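*Asks:* One structure follows; several queries about it will come next.
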């Protein structure tokens, strides 16, 4: 029988690091069977939110596990190395917390892959476009511009894409990713040079993706979708217009083509839609059925998993890669539609408007990477869920354009708050397996947001800030209000102070499209 600890007793397993700023260490014994420690990166204010969640659960256990328990349960999975890592935007999710990073040794035959460590919206991620426009150039036509974007980019649950696509096209999308969108005219050839993995995972195999998943994905190419992730509470999906408010690192920003306060940028956040959700759901069924056969013990049934080299593990990784390719194409088509919207309203070509991709990052993905573990270079399967790769300067897997500055990291804020561009660091490789935060992280559930926040008050606050808004559903106004989230600036500053990413640019929203 598992021993039950009081809240005060559980705190004895958590200590603050003397060596690394904003690091809390969760020692073995916090939950049963931990193979490694849990490492939480959070300042005192952000950590208090997670401790309060833990206390609430201890006093009154509910249907969800607090993020700290989930972090520790991941530390008990077979084959995990270094530590189970939670970033400052961590909050409770399905199996893994959102904001969790975990790596498994590819040379260990017991190591596992878990769909809960990626999430249901496989390769949900963010793409940033820059322009040569200043805010004064679009201010008189801002409403027209945001309406054109809203008209061209399908948003919301069940929305249908405008790109003609048959099952043959879909298989090519799943296999070739952005190479398909370049050949089909929906991407500029240079776009993929500024995408993580250059917009394609070569392990993808369309034949392992179920007919049901393909049917769901066929009509959703180039759609923004909605932000309700099954079994989890994540940031909503959006396409926002920003202006540069502050530049912290002028050299790095200039390399990215961002060099002026007031410069207009566009950020799109979306993923693999219903197709990725179905790939994850199918894999969970397979893995739940095989858990007894493989004799893998997990602390939480939501951590259903399979050995990496098992049939179930290989199938999931191939399907996840295919869904990731789909997500890159999805963001590419939305980039195409965004460029088209600007062209139609401003009567200039996207090329003349300098609408180049700054970068495209993944927030929910599993990848094979090489990292140092106990002084040895090891090949690992990295699970990043609600977290962002943050490789340092001169890392071989980042684009040539960014070798001197490190990988750009895109961190989205909420409906009325700023977003950030960061750069990766060597310390991230040492402390967080080359990872940093991805957003702000929810503090209120969607239901609670609708109960306690006033629709008109939220709209008025946005209006006072000069933010235009279009939403697929009115309920999103309260669900996605800034009050529902942690302070993204505090999250970003915590990562900056810990040295796992470096602040580069701050972006202020002037128009918001929510799905």
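Note: Cβ is positioned from N, Cα and C throughout, glycine not excepted.
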*Asks:* What does Swiss-Prot list, out of 12, 356, 363, 371, as binding the same Mn(2+) 2 as 124, 269?
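*Replies:* The one candidate that Swiss-Prot places in that Mn(2+) 2 site: 363.
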*Asks:* Hey, how far is residue 269 (Mn(2+) 2 binding site) from residue 414 (GMP binding site), Cα to Cα, in Å?
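*Replies:* Distance (Cα to Cα, whole Å): 11 Å.
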*Asks:* Helix, strand or coil at residue 363 (Mn(2+) 2 binding site), per DSSP?
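*Replies:* The three-state answer is coil.
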*Asks:* Would you kindly give the Cα-Cα distance separating residue 124 (Mn(2+) 1 binding site) and residue 414 (GMP binding site), rounded to the nearest Å?
*Replies:* 16
*Asks:* Around residue 414 (GMP binding site), how many other CB atoms lie within 10 A of its CB?
*Replies:* 24
*Asks:* Within 10 Å of the Cβ of residue 438 (active site, GMP-histidine intermediate), how many other Cβ atoms can you find? Include all protein chains, please.
*Replies:* 31
